[in-house]
């Protein structure tokens, strides 16, 4: 059939081309010759008559059929001028769009041919210019004239849709004829010529669910009550055909995917009628017991389900919430369960849609119910106290062993195990109380003082005898009841002042009292004077009956010189049962006051001084004394700085100048190796040694007769000379300067000798034992063995 359709199309096109060509030739033969623009007579200047040449074109609009595929060029038309006598002297020239490329002209006959296949969809018409010129001179014989060659359309373009695939949505259960989407196709052929661009739409796939309007391309629903839960997506193929849909027309197709959107047209349904659950009695409130789920085939908000408990004996013990992620109803424990009290519960749970579409209310009701049976499981429970907390009272100062109160707990299990009690010692660190482990009686083991601690908060444990891990804890608050065991005292350390010129019955102080006991055993306070001084001639007391008392002057004319301090005992009694009292002493000092009663001074000495000198005079005298003392101190300091020598080395102790010589002799037998000159300071070779510890005011020149020979081996003379120099040196400090010589002979039996004291110092050491050490120590024995000789030399 397709081959036959193509053959028919080609035959029709060929006939149409022949028909058009014949019409063009007939028009050319029958058209009158257009008068030339130069054919009118015009009078020129000076009366000359001008004659325009007449143009005799065989002229009309040309047409050429598109897509011609014949072997020869297509004859478009023929140009001819009236002045063309056929002798070949006129030459036809063609210019303009496509001239010489697409369109060629026979310059002798004027025939125009199309050398290429034309496509109207690429270019619908061409504008050309024709002109007749003299063949020999190329002189224009006629003015150039434009003409149009139109490309005549054939049905060579099939319809095309804007999109290859379309996607559309339509609610499920929509009425028949509900618009879904409009598809549009276009045809590149000429809509003004024939039916090549006249399109008709039809549906190829998707029946009987959808239909399409032939002229507009609007797709509509064709079946009622299409259910998304049954089928959600449909694939529809739409065809657009030109030539008004008749045979021989070209066509194009597109695919349309149509999705049914959800509406709430299905109520929730429980898959079963009864749910069985269980929960331990030890479960805490808020713990999850189980889950139920009603199925709703709708999606999104149309499938949202809310759960609630509408009936049952467990409405007070359980609750249900909705898990919107899983669309489940979560049954939770609301209150604590007791297996021994009730072993099972029943609930009626309802599941209902949250969002209901009024258009489908007739499909309802959009809810369902189910029965939930919950069994309570027995659990090993800890003991339970009869009260959540206990409050007891005990009087302070109660004897040890006084019963405070009793706590009681029991085992809620069927076994009803025995209970033992104990006190949490972290709450009773001082161990004021003890509890009977069998019956729960709490007693005191120490005397309680309310003023030290008014409340004791302890915790009591109860454990099962055979199951130590099962325990309970209860708080116990013990109030210490006050007894009147504290006497009232002054509220502060009062010190009163009374003027010498005070008037009789003048109040000069108000006192109050304080009681450590509770208010029931404290105020109201009663103030009074002891009976033995109730008729005190100096002061009197007035109870103000508001827990205060005023002290008043009974007489006039106090004198600091006679007595500057009075001690007034005051008795304070409280309102307790029995009442307690204490005697407190108030110190009253006599002071001097001015005329307005302001205090001036409270010292008797100051009063005496005031008789001779004023305060300003005393201050002036003291200032002068201080200034004189400062002047004297400065004078002494300056004088001492002038006389005292400057110390060159402050950190060096001038009382001990130690000079060390690391030279070891050969003993007593070696008389040549040792030179006594090594003991001498090189600075003292000339008999003078400058002091390095002070800066002398004048240089001391030693006496020449006292200087020993440099090479002398007489140690005794050397030491004596140095002693005399030190004793006669006026620049020497007023203390000894000890020089230590540590020499040790080779093979010495006595060891090391050092720190030989000068002969002028009194020493308690006895050197006579040197006579017994042998010949090696004979010289030392001669020097130090005889004290008398040493004294004479000095």
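Including glycine, each Cβ sits where the backbone N, Cα and C put it.
In TrEMBL, the feature transmembrane segment is placed on 617-638, out of the ranges 551-572, 573-594, 595-616, 617-638.
Secondary structure counts, DSSP: the domain 'Cadherin' (386-490) has 3 helix, 47 strand, 55 coil. Counting residue by residue with DSSP, the domain 'Cadherin' (81-161) contains 0 helix, 36 strand, 45 coil. Per-class residue totals from DSSP over the domain 'Cadherin' (271-385), listed helix then strand then coil: 10 helix, 56 strand, 49 coil.
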